[in-house]
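Per TrEMBL, these features apply:
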type	residues	note
ACT_SITE	Asp347	active site
ACT_SITE	Asp779	active site
BINDING	Ser311, Lys317, Glu318, Asp347, Lys539	UDP-alpha-D-glucose binding site
BINDING	Lys540, Asp564	Mn(2+) binding site
TRANSMEM	215-236	transmembrane segment
TRANSMEM	248-267	transmembrane segment
TRANSMEM	849-874	transmembrane segment
TRANSMEM	886-905	transmembrane segment
TRANSMEM	982-1004	transmembrane segment
TRANSMEM	1010-1028	transmembrane segment
TRANSMEM	1040-1060	transmembrane segment
Amino acid sequence: MDPSISQRVEEQYVSNSLFTGGFNSVTRAHLMDKVIDSEINHPQMAGAKGSCCQVPGCGESVMSDERGVDILPCECDFKICRDCYIDAVKTGDGKCPGCKEPYKQTDLDENSVDTRQPLSLPSNFSKMERRLSSKMERRLSMMKSTKSAMVRSQTGDFDHNRWLFETNGTYGYGNAFWPKDEGISEDGTGVTPAEQLELLNKPWRPLTRKLKIPAAIISPYRLLALIRMVVLGLFLHWRITHPNEDAIWLWFMSVICEIWFAFSWLLDQLPKLAPVNRATDLNVLKEKFETPSPQNPSGKSDLPGVDVFVSTADPEKEPPLVTANTILSILAADYPVDKLSCYVSDDGGALLTFEAMAEAASFANLWVPFCRKHDIEPRNPESYFSLKKDPFKNKVRQDFVKDRRRVKREYDEFKVRINGLPDSIRRRSDAYNARAEIKAMKRQKETAGDELLQPVKIPKATWMADATHWPGTWMISSPEHSRGDHAGIIQVMLKPPSDVPLNGTDDEGNLVDFTEVDIRLPLLVYVSREKRPGYDHNKKAGAMNALVRASAIMSNGPFMLNLDCDHYIYNSQAIREGMCFMMDRGGDRICYVQFPQRFEGIDPSDRYANHNTVFFDGNMRALDGLQGPVYVGTGTLFRRTALYGFDPPRFKDYHSGCCSCCFPRRKKSAGSVASTDENRALRMGDSDDEEMNLSLFPKKFGNSSLLIDTIPIAEFQGRPLADHPAVKNGRPPGALMIPRELLDASTVAEAISVISCWYEDKTEWGNRVGWIYGSVTEDVVTGYRMHNRGWRSIYCVTKRDAFRGTAPINLTDRLHQVLRWATGSVEIFFSKNNALLASSKMNLLQRVAYLNVGIYPFTSIFLIVYCFLPALSLFSGEFIVQSLDVTFLVYLLSITITLSLLAILEIKWSGIELEEWWRNEQFWLIGGTSAHLAAVLQGLLKVVAGIEISFTLTSKSGGDDNDDEFADLYILKWTSLMIPPIVIMMTNLIAIAVGVSRTIYSAIPQWSRLLGGVFFSFWVLAHLYPFAKGLMGRRGRTPTIVFVWSGLIAITISLLWVAINPPAGADEIGGSFQFP
């Protein structure tokens, strides 16, 4: 028998079991013979059925391999299930129940999980530690050298560099090593002299290139920025030295606002002085990592593993169909199948999400090979089948039309199944609950006899497809089954694939011919962390940290890509694009690669600047020229060790103090570098003499020894390829070609323990390790902490959008989205994450950018005042200056011209359009006078008085046009955030009417003051135009009476003002008018 049969049987058992556990409870493995009601075809999927066990009285399913072929441990081909096989080995003297001959291999682990016995959590660690220790020796390898004694580094752990080049050991994906049998050099390095010579003589090709902005654009841009700084300084000096004695209060308010606006503009402008563009070379990536070579004769992929995280919390607000499409786009990504893993975090613990993910895994059996066969883009089925362009363009295979038609039909059926899941679960649960109630009544009658019977009350449980209780949140909440109180759940939806390509078969029953297509699917895991009352679960950040720990135990990919449930992979090679930066020279100092956010379903005019292109194509490109872009919460490829809180390697090479942007970085001598940081890849702290103490790791990462043991493995596998002597801290070619170990029950049981609610107690998770807690915008804080430790990030803009998602196009939803961002910024400003407290490792201009992130909401206070100044000027008849003299007009014209020219040049180097820039300016004022002001008030009340305020929505109308793609754009939901902009608009409109009336009726009209006030009022109203349009609803549906009454009210108020306070000396027009 194949020695790996027992391990494959174990893995099949794990993938068919639902693992649950948590605080003060046992970890159980519930073997599921049915995950969803529909039929399951792919052998990798949970619940895939094989043949029936031939042991009399059993009838359980026989385990199968990656093709669905039965795993038969005996040569007589007697079909036996896992449990019967274990019994035969333990109690039957290792003899086959069929032929009565002894099994030739009985290496199935006797400590495997039994469905009849629970797995205790590691509260008593003695036995579990021994179990995990032996597992680590087999699965994660203790990296024992065969020729030399184990070399310890300053961390007390194994020294990867010296071991790799002093012994014949090699690393592999799956964290084990195998000695090379051939090509061993005499010194035991594992690299022959010929290979070394070839490596040195081979021209090194970079994976990425930095494309600088043309000097014809960036030089004038910097010069104009400098000129505008000087003009602003002179203008403010002139304004301060020339007060308006007639309206000193108006002058004072305007000067204070203008000083703040100049300061705010400076914070925004300074980080934009060094924008860059970048390009990747996917052909070089393929040549280095997937092309046959002396180090890689078979051409197997040498790329590192990637764990993709998808987070969802509420299936009612985040439709399961959207999440399922995101999962399908990940499973179909163009990346080595055995190196890709997908983890879905269901923070609501809903059975609806669980079964929707199972349906997606089942449909992936058809969708993923179809995408590979015909090179489909995008690989989100909903987006692909909704494309308005010709789907047959550039398709040459004769069977494409037939295949597409069949897959489209299957997808339509898949959508119907997903949409019908809520009713299906409800009907199923009602039927089982009724049956349970009947059984309870029968038992009560049998025990009570003729006594008066009490009504039977049983909990209204939610039932799974295999007729068992769902361990997560029930539709009708009950103790230990509510949104904030349920056990931890892990289900391997798709077990890990083999490392060898597996083509489809030519069976007549197959819908599509996949005989030339690899049908393997990546690992897919459903995770719902444990939640219990009394624990702070830290919302999304806590869910992401749970995924980090669970993925480290199960797959330990050195890189992690996090996506929101509505952000799918639009470019199937997006992960490869990001990997070009991570695997390039110096890539080991990159903490994350941020991709721009692109959105679908936005109205053509982008009324509320939902695309946010000024930020994603302007500010983020500029930050890429400094220390890197900020983390924006989704579409980010992380380095696992950077997220663990370690410092970047070789960070002492550079003197990255606060003046690093002004003075060139000076490298240390090669000798000092080699003696310190070259061998110190995992390091925390600022002291040069500080060494890693592994005994302190449990205080930082928790008490899971298996999790701690994966850390150095992930660090090594994430290193760039050492294909040239100039590449520092690299790994040798071919080190990641060994297949990973198969999953077993103890591994998943350990993953259950690390997602429990108590695991983070007295650790640094959320403080230094993982996603940072304590802020609504945990993404910005997490990125800030990495930059503060000296890491840098990269902004990757691909020709074809890497990811696409959805954004709220409704005015109210958009305002509340901006409110959440601004509230997080205020929290950052009043916390220890304020950029004023940043370390010397952060670039000065990068610090300015982070300071602007925390300060920009406070601009709303001055913006509100400034928006009322034109109205106050028109009401009072005064202006912010004594008179509109030439000096003031020249300054005003210079500031306006330089701002316009800067905007034009910024549009040139960022690639945005003028309309997008103007929409951004409009929504800057809309958000600044509404959401930003509310965020400042909310933050101040929270910091000063400890009072938290929540703004609630009240729906006033809804879109009734189901055929309109942008129906949500016209929905009006009242919110208190709308009050300030409405007041500003009404005040300025009335002020214009009053000012015009006063000037007309005045004996000596002051036209200069009127023009000044009216100009600035129109400036305010022009910026608020999208807001006013949103209030009016759908075009053409606003009742005419609204406009009539608005005009009458404005005229009446104007006449009332003139009648109450008529202009002095008005003898004719004004004097002859009398208010009736």
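Cβ atoms are placed via backbone N, Cα and C, with glycine included.
Because the structure is a prediction, the values reported are computed rather than measured.
Within its own chain, the transmembrane segment (849-874) has Cβ neighbours under 8 Å at 247, 250, 253-254, 256-257, 260-261, 264, 267-268, 271, 619, 623, 626, 630, 780, 784, 787, 822, 825-826, 828-829, 834-836, 838, 842, 880, 925, 928-929, 932-933, 935-936, 939, 980, 984, 987-988, 990-992, 994-995, 1009-1010, 1012-1017, 1019-1020, counting only residues six or more beyond its boundaries.
Within the same chain, residues 255, 258-259, 262, 265-266, 269, 272-273, 275, 891, 894-895, 898-899, 901-902, 905-906, 908-909 sit at least 6 positions outside the transmembrane segment (215-236) and bring their C-beta atoms closer than 8 Å to a C-beta of that stretch. Among the recorded positions Ser311, Glu318, Asp347, the ones whose Cα sits within 10 Å of the Cα of Lys540 (Mn(2+) binding site) are Ser311, Asp347. With Lys539 (UDP-alpha-D-glucose binding site) as the anchor, the candidate recorded positions are Asp347, Asp564, Asp779, and the one with the nearest CA is Asp347. Listed recorded positions near Asp564 (Mn(2+) binding site): none (candidates Lys317, Asp347, Asp779; Cα-Cα distance within 10 Å).
Non-local neighbourhood of Ser311 (UDP-alpha-D-glucose binding site): Ser345, Asp347, Lys540, Ala543, Met544, Leu547, Asn562, Leu563, Asp564, Cys565, each in the same chain, at least six residues away, with C-beta under 8 Å from its C-beta. Binding of UDP-alpha-D-glucose is attributed in the record to Ser311, Lys317, Glu318, Asp347, Lys539, and the widest Cα separation among these residues amounts to 15 Å. Summary for the binding-site residues Lys317, Lys539, Lys540: the Cβ-based neighbour count within 10 Å is maximal at Lys540. Listed in sequence order, the residues Thr312, Ala313, Asp314, Gly348, Lys540, Ala543, Cys565 complete the 8 Å Cβ shell around the UDP-alpha-D-glucose site centroid, once Ser311, Lys317, Glu318, Asp347, Lys539 themselves are left out.
Just so you know, of the recorded positions Glu318, Asp347, Asp564, Asp779, the Cβ with the fewest other Cβ atoms around it within 10 Å is the one at Glu318. The two recorded residues, Glu318 (UDP-alpha-D-glucose binding site) and Asp779 (active site), have Cα atoms 20 Å apart. Counting only the Cα atoms, the space from Lys317 (UDP-alpha-D-glucose binding site) to Asp779 (active site) is about 21 angstrom.
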